Structures are given as C-alpha cells and as structure tokens.
Amino acid sequence: MKTLLSGKLTKLLTPSVIRYGLLLLLTVQNTATVLCMRASMINASATNQKYVVSTLVLTMETIKVVILLALIVIVESSCSLRKAMTLLYDEIVCRPYDTLPLAVPSFLYVVQDNLIVYALSCVDATTYQVTYQLRILTTAIFARMLLNKIIPVKRWLSLVLLMLGVILTQVHFSKDSGIFSFRTGKEGPAYVLGLVSILCATLTSGFAGVYNEKLIKNGQQPLLLIRSIQLSLFCLFFAFLGVLLKDGRLVNTQGYFYGYSPLVWLVAAMQAVGGIIVAGTMKYADNILKTFATSISIVMSCIFSYYLLGDDNLTATFIVGTAAILFATYLYSVATVQTAKPAEPIKS
C-alpha cells in the first residue's frame, strides 16, 4: 500500500507541478511576509511593545534550521536523526575548506535580514517591494566584477529603466504648488533611513548572491538541502552574535520574546519557510518564471497595502514607476548573459 501511494505521488509530482507550485508558494510567501511584517511594526508602535529586530532574525534562522533537519530525515526515508547528524558532520565538519567560505554570504544574509526588518518599520510595504528591486542592479554589477559576466546592452538598458522607475516612485506631485518633489522631504528622516536601509540591503543581497554562485561554480556541489543547512547554521551563529553584541542588555532586561504577538511568530515562520522555497526555486524554476512571481508579488503588495494597511502612496507617478520597474525586470530576465572568455596565449 505504501509503495502504491509512493508511486502515485511520484507521478503527480512532475517537474512542472513542482516548478509552478514552488513559484505560487514564493509569490504568496513574498507578499504575505512583507505585509505581515509591516503590520507587526504598526501594531508594535501602536501598543508601545516593539520587539527587538535581532531576536526576530535569530528566531527565523532557528525555525529554518529545524525545518531543514526535518526535511533531511523525511527526504532520506531510511535516514534516522542520528544518521542525519552523521551526514551533516561529514559534509560540514569534515570538509572545512568547502564549508568555511559560506560564512561570507551567511553573514551578509543576516545583515540583510536585519536591514529589511528595520526598513519596514520606516517605510510602507509597497515602497519596500519596488525599491528592493534595485538588487537586480547590484547583482549585475557584482556579477560583472566577480564572475566576469558580460552584461548585454539590453540588460544595461533595462537597468537604466529600473533606476528611472525607482526614482519615479519617490517623486511626489503637489496639486497646490503644481511642482514635483521627492517624497523624502515630505515623509521625514525616518523614511530616509528606511530607504538607506533598503539600498544597503540590495548591496548585501547582490554581493552575497553572486559570491555564493561563485562558490557553487568553483567547488563540488553537495545536496541542495545540505548546502541550505550549511548556510543556515552560519546564519544562526551570526544572528546569535547580533543579539548578544548589539541587543544583549536590552534582551536581558525585557526578555527575548518581548513584543512577540501571534503575528510576529507568523512572520518568523513565513520568512524561515521562504528561504527554503527560494532554494527550491533555484533548482526547479528558471529566471523568467521567478521574475513573473516577483512581479505578481509587487502588484499584490500594492493592492493589499493600500486597502488593508491604509498606505496612500498609489499616486500616478508611483504607479508609472512601478510599471517601469516590472517591465525592466522582465527585460532583464529575457536577455541572455555570456561569460567573458579568458585571453588565449600568444602562439609563437
């Protein structure tokens, strides 16, 4: 009976079903996590019970490690928890030269998560979603520098359009004065700090992603789950250091879970699952499909943020800028990339 059910499940879970299922999950997770995180910040400010950002990041990483360990045991049906730990020991501790370089992207991912949570305490969900697309630009620049990738003209044009779109989203038209101005002057210093945090997050995201890709190309590849847990264990370590060094006194005074509402726990769980979904899409989905998932997520965030969270940023310039960002993202994904060939030695 068990074999029969396993056979039917294998037939149902075709690569196409897995691909589009993961993309659907990624779209829903991206949209829901950003909206819930923003809502949790609004609720925390209203009740004057703000949770510590670094503890949320550590909680997310802890949940992610637990889920990955469970997946290893489930995927390897003949693998007990003891065998799973032995497998991890062989892949992580016994291969330090392959494992230690992952500390660099892991550290950057932890910094990125802290920046994102802080940014969503300063800006609305829609502004975060569209501005964060600048990570495409930073990824392209780091790919050219670290991987020697040749960026086609179409991609450079799409990056210019992307930057123009982001600038447009930050432009506000005043009906009273009849002039255009940047929203940074209207919103105040907290909004500016939120935008700076997003820009820094795009830098860490771009560099970490390209650096990780370089490690993948230069080294021997373990299983996807093993690579994910290698990254997550380093993230867990750096997140713990962040709590200890940055907010140790505050956590000791008010408690680790101070300000944690059911919504905050939901955010932590969704963000942890999101990291695993992203790892799955890297294996099963291509770049164009992931771009569509991102675009749909941005549109859904705009709609739900406007109606559920009361964000009033859906101006004409914001809508045009968002459309330009979506179009630029699509153009970037369909353009092909080549890797520069090393110069041939001169023949005598």
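Along the chain as shown, residues are numbered 1 onward.
The backbone N, Cα and C atoms fix where each Cβ goes, and this holds for glycine too.
Within the set 20-40, 104-124, the record from TrEMBL flags 20-40 under the feature transmembrane segment. In this chain, the transmembrane segment (315-337) does not touch the transmembrane segment (20-40); fewer than three CB pairs sit within less than 8 A of each other, excluding pairs fewer than 6 residues apart. A contact links the transmembrane segment (257-279) to the transmembrane segment (52-75), because at least 3 Cβ pairs that are 6 or more residues apart lie under 8 A.
Contact count against the transmembrane segment (224-245) (Cβ pairs under 8 Å) is highest for 52-75, out of 52-75, 153-171, 191-212, 291-309, 315-337. Most Cβ pairs within less than 8 Å of the transmembrane segment (315-337), among stretches 153-171, 191-212, 291-309, belong to 153-171. Below 8 angstroms of C-beta separation, residues 23-24, 26-27, 30-31, 34-35, 38-39, 42, 124-126, 129-130, 133, 281, 285, 322, 325-326, 329-330, 332-333 of the same chain, each at least six residues beyond the ends of the transmembrane segment (291-309), sit close to that stretch.
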